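**Q** Okay, so Swiss-Prot annotates it like this:
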COMPBIAS  1-10  compositional bias 'Polar residues'
COMPBIAS  11-23  compositional bias 'Basic residues'
COMPBIAS  24-35  compositional bias 'Low complexity'
DOMAIN    178-279  domain 'BACK'
MOD_RES   Ala2  N-acetylalanine
REPEAT    328-375  repeat 'Kelch 1'
REPEAT    376-422  repeat 'Kelch 2'
REPEAT    424-469  repeat 'Kelch 3'
REPEAT    471-516  repeat 'Kelch 4'
REPEAT    517-563  repeat 'Kelch 5'
REPEAT    565-610  repeat 'Kelch 6'
Amino acid sequence: MASESTNGKQARSHVTKGRRQYQHQHQQQQQQQQQVRSRSSVSECDGDDSFIFEANEAWKDFHGSLLGFYENGELCDVTLKVGSKLISCHKLVLACVIPYFRAMFLSEMSEAKQALIEIRDFDGDAVEDLVKFVYSSRLTLTVDNVQPLLYAACILQVELVARACCEYMQLHFHPSNCLAVRAFAESHNRIDLMDMADQYACEHFTEVVECEDFVSVSPQHLHKLLSSSDLNIDSEKQVYSAAIKWLLANPQHHPKWLDETLAQVRLPLLPVDFLMGVVAKEQIVKQNLKCRDLLDEARNYHLHLSSKPVPDFEYTVRTTPRKHTAGVLFCVGGRGGSGDPFRSIECYSINKNSWFFGPEMNSRRRHVGVISVEGKVYAVGGHDGNEHLGSMEMFDPLTNKWMMKASMNTKRRGIALASLGGPIYAIGGLDDNTCFSDVERYDIESDQWSTVAPMNTPRGGVGSVALINHVYAVGGNDGVASLSSVERYHPHLDKWIEVKEMGQRRAGNGVSELHGCLYVVGGFDDNSPLSSVERYDPRSNKWDYVAALTTPRGGVGIATVMGKIFAVGGHNGNAYLNTVEAFDPVLNKWELVGPVSHCRAGAGVAVCDCLTSQIRDVGHGSTNVVDCM
């Protein structure tokens, strides 16, 4: 017992000494912890003096060892038989990465205990490539192996590989193969690849239509393509031609799909001469009652546009242009926080939901009147920072240049422009001394201005639009206060007649037409910016309020694009705005869209009937880059 006690004391002394040595080492370890962490091995010390050592490098060794076992056929416990190919591997490794095998090996299935498992209806090379990926995390994709690999990855539920295959196939899309890839994706329920293929087909629609696969697409897929607003086309004629091409090649589908297919063509947007000279004479259209109804709808749309009465006419998706044919939204001039007017213009790409800078005007212009007529943009009057302007310039997308045109008789800012039957009307406005009731009419062909009957009330900062054979002047300021009154011009009578007034006084408001109604947006009630929006129906001579803007906007510019009203910039009482929002009349809701680059109010906004690709992007090098305050 004595000797045991003595040995115990010696042992305790040794442990105490060892503990002191360890504590010293522990302190050194703490000082070197950052260096240790920077290496592949990580160590930590807990409060109870325990020591945690983590070696990340070991995982690489582990991974490398597994790959070596596989390549050398060592310690394998299962062989996959795919056709004539035998693949020796490890159940545990397969179960870790491939959910299909995990479910198999953890179940009561007979295969769970078999050393040889036969897999039918797979490509042997594809399964072998997948197994190699399990061990190596590497996979080589080629145009030859990607489809069998995607099939195997989908069935075996290896989502990482399936996504990689989809992305690889996307990189190799071509007009001649995108429809076949889409059909392959649909057969394997790869929604992501289907969407990728559809997006590509829409972007390259006119090329895809010329390929052999086009007439072989399913009627359901054709329906989806033709209904898309994203079709990259120059004219709805191209969509009609594509539909007829497919229909003539697939008469077996006519009983169910003839009128359904033609209904996806936006016939109302076709020119009248094309409607009557081509569509109305097509035999398969003439012989189908529902197709004739669609043709009547298109005719009624054109009658409605010409202001002829059409009972029960309704706007539909077929009367809404597709994104590529909707025109380009221009934001022209205005001013920002510095007070200096802009000569810059910004153009909105509907597809990208973003703006880019187009060629600048010759003059700086704030509170400028802007309108688009026959595919050209006109900027009239305004103030250049030194004086009021009577000059006018025109932008032609074909030349990407602004050209000076005849000047108005009266120099003014805060004017509104409207076009009715060809001529452009310049309405109201003001200078430093006077609010004007003057109205001038510009004849585009002769490049001359003439005077027409003045309004009943002077209106500076007025809004205007042409609607059903009349030009409307909405709100404004008479030099004393903002106005709620509205009047309209009868060109045949050369006379202005007042109509029902708005519910809210406003000047510096935006005005646009949508679905046969007049919308007035924002503005100022004297100095107070407004978020309210009112709608006027000329058939009932009534105003009603619709959803308000997300923020007050005085000096806002508005225009209608693709069945929505866009409100651009303005001033909210504290700062100039670069935000843009769009109103959906179906949802009765405003939603923010892509902002302009420059905060600006008093800009002119209009939609030009041209293609975004026609406008030269001049980059961000504007002459007036300022903040919004």
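Keep in mind that glycine also has a Cβ here, set from the backbone N, Cα and C atoms.
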**Q** Applying the under-8 angstroms CB criterion, which one of 424-469, 471-516, 565-610 scores highest with the repeat 'Kelch 1' (328-375)?
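**A** Highest pair count goes to 565-610.
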**Q** Work out, from DSSP, the number of helix, strand and coil residues along the repeat 'Kelch 5' (517-563).
**A** 0 helix, 25 strand, 22 coil
**Q** Just to confirm my parser: what is the rounded mean pLDDT across the domain 'BACK' (178-279)?
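**A** Taking every residue in the domain 'BACK' (178-279) and averaging pLDDT yields 97.
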**Q** According to DSSP, how is the repeat 'Kelch 2' (376-422) divided among helix, strand and coil residues?
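**A** So the counts come to 0 helix, 22 strand, 25 coil.
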